């Protein structure tokens, strides 16, 4: 019986263990399960980035995204302790809202972080002028960024293989190291819009703003805040409770440009489950953390306040979602007993969004506000170019400029003294994030206005993204702000790669008086694809990013200029002239082999050398901007192809084979070199390939000549039995072959030809974007000189192996016989 009972207990114990284990496993799965789904996934095939090239990739993060995973693989290996020139460094840059541009200024590398990128590299809200961060490209990058680290919206990351003003300069050949990358970008999102957070396990209470809301007497309305009589207010209250160790998260959408967002808590009470009573006391404290676009954390937020003491006032909030987290603060010593009990804190959360009427702005709604209307430019070749004019009928729409006089405010807002504000609102399409905002002011007198710009909200003296006060006080040191004109009577600046969405420009100016009303000031705001039309030193090109979602533009500069706007002169006018002469005139070295070929009636080689020199001269003339008889691609192909053919044909010419064999080799070589010139003409490995092909052609020519003019050594049965005679025969054949080879060439010319060819290879290797014109001119002279020396090294063909015995005796006998006959005849 005890055995049966023990067996039963053991089975029962086993069942209980399995049950507990299964429960634990299921509970763990439920706890660790993410209530998320894949929203999008993009895979990028292997892409090669050549020197000074770049690629942009955009990622759209919706408001309900939970995380984004970026996995990139590249063949870049960088030692952070041995980083050389930053301009040659492969790097990856991130920016929110628009493409990154790390080389707006020649010496501006403030966004570069000399460290490996990691998840901890992201977090926090920053002003627009400092949000761009760049990191050295790693061999493997794996990032998982949550909605607690970055905000929803369109994020861009750019892969650059070198930065600086020469990145946009027109270069015939990009010398340097290329690298390739491939990767995948996956966006995860929460299935329930009321659940957000890193694991989609954070409940979000959605707050709505009611226009009919009336604040209770104990709430925000009872506080002493400046409120204009004509201000419009929307708001609401939310009754909530939370545990002493818990927190509540709320989301409130600000859908229009507003003046204030106010949050407070009223009717705070605590309930203890042990005493079943309600306790009121001054020791109860609620902390409020607010963050724009992402769930706030106690260590990561935009605004915070103890809202049971005073409301949290957010002046001039940005458009978008604001997340509010409420959690108990450190309680006083009198509440220690409550902490030890199971305590619940209840409160009424109250919020208000204050907004002025359509044509007014400011805390007292006394300053003017103008909404700008978009007018598209009638230029089908350039997309998303437009200018902006006020919707009000106070100005004419016949011009892209509008006078400021009828639009300026006449009253001050608060304690501003003799200055006031006038605000202008404009919208930029999200697909045009690669455009640039151009703002200009011209006046008949000295300009006294100051301009402040802000994305998604009104600017102020303490809250702005970019500003211009005068020539010495402005945002010209930021990455995406460029001043072009800063005189007393005119101002012109650009906001580079402006984000898509609503922008607000605040004009701070003196209050109008009788004198200022007679001075006319003209303003214009436009959206342009390239700043300053590439300064008239380049062309504006527009392309899609690697994702095909964003349309951005960039300047392709000429040979003399560089920079993102082609405003930096890299080569002077005289320097460019000498470079052009050097690159074009150095092709005159092709006359040396052409003349030799013509003199020795090698007409095919003469045509080849002459055509190669002419095509190379035309190619470089087109590149420097002198004359382009054909397209650049055709001229480049002809130059490299004929150069490759000239090198190989020189080697083939050194052989003494018939014309049929030469034509066969030339046909094969023409096909191979044409493929090389079309697929990758500027690769350094082409020099090795061309020399290898030429040497192979020379070797094949020797073999053809050998099999044609010589026969195999035949060994008879008796000869095979006589090893000594066979070895003597082989030695004689080798000796004759060496004699034939030594007499085939003029070795002084041959060694000089190889020296010139080595110089050509060295000059090819030393070419860079800065010294291209020097070493490529040396390449022209070296390669044609080497061909000339190789041609001169060829001597008359001599067959030493089967050379018949010299007929000295025969001639002597004939001479004797002739002399004998003469003598006989003379006798």
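Keep in mind that glycine also has a Cβ here, set from the backbone N, Cα and C atoms.
Quick look at what TrEMBL annotates:
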COMPBIAS  814-827  compositional bias 'Polar residues'
DOMAIN    526-567  domain 'EGF-like'
REGION    805-827  region 'Disordered'
TRANSMEM  12-31  transmembrane segment
TRANSMEM  640-657  transmembrane segment
TRANSMEM  664-681  transmembrane segment
TRANSMEM  687-707  transmembrane segment
TRANSMEM  747-766  transmembrane segment
TRANSMEM  772-792  transmembrane segment
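Counting residues per DSSP class in helix, strand and coil order gives 6 helix, 19 strand, 17 coil for the domain 'EGF-like' (526-567). Remote same-chain residues near the transmembrane segment (664-681) are listed as 604, 636-637, 640-641, 644-645, 648-649, 652, 689-690, 693, 697, 700-701 (criterion: CB distance under 8 Å, separation of at least six residues from the stretch ends).
Residues 42, 44, 47, 55-60, 99, 101, 103-104, 106, 154, 156, 164-170, 382-388, 400, 428, 431-438, 482, 484, 494, 496-498, 573, 576, 579, 623-625 of the same chain, all 6+ positions outside the domain 'EGF-like' (526-567), place their C-beta atoms under 8 angstroms from a C-beta of that stretch. The average pLDDT for the domain 'EGF-like' (526-567) in the predicted structure is 87. If one looks beyond the transmembrane segment (747-766) by at least 6 residues along the same chain, the residues whose Cβ comes under 8 Å of a Cβ in the stretch are 684, 687, 691, 775-776, 778-779, 782-783, 785-787, 789-790, 792-793.
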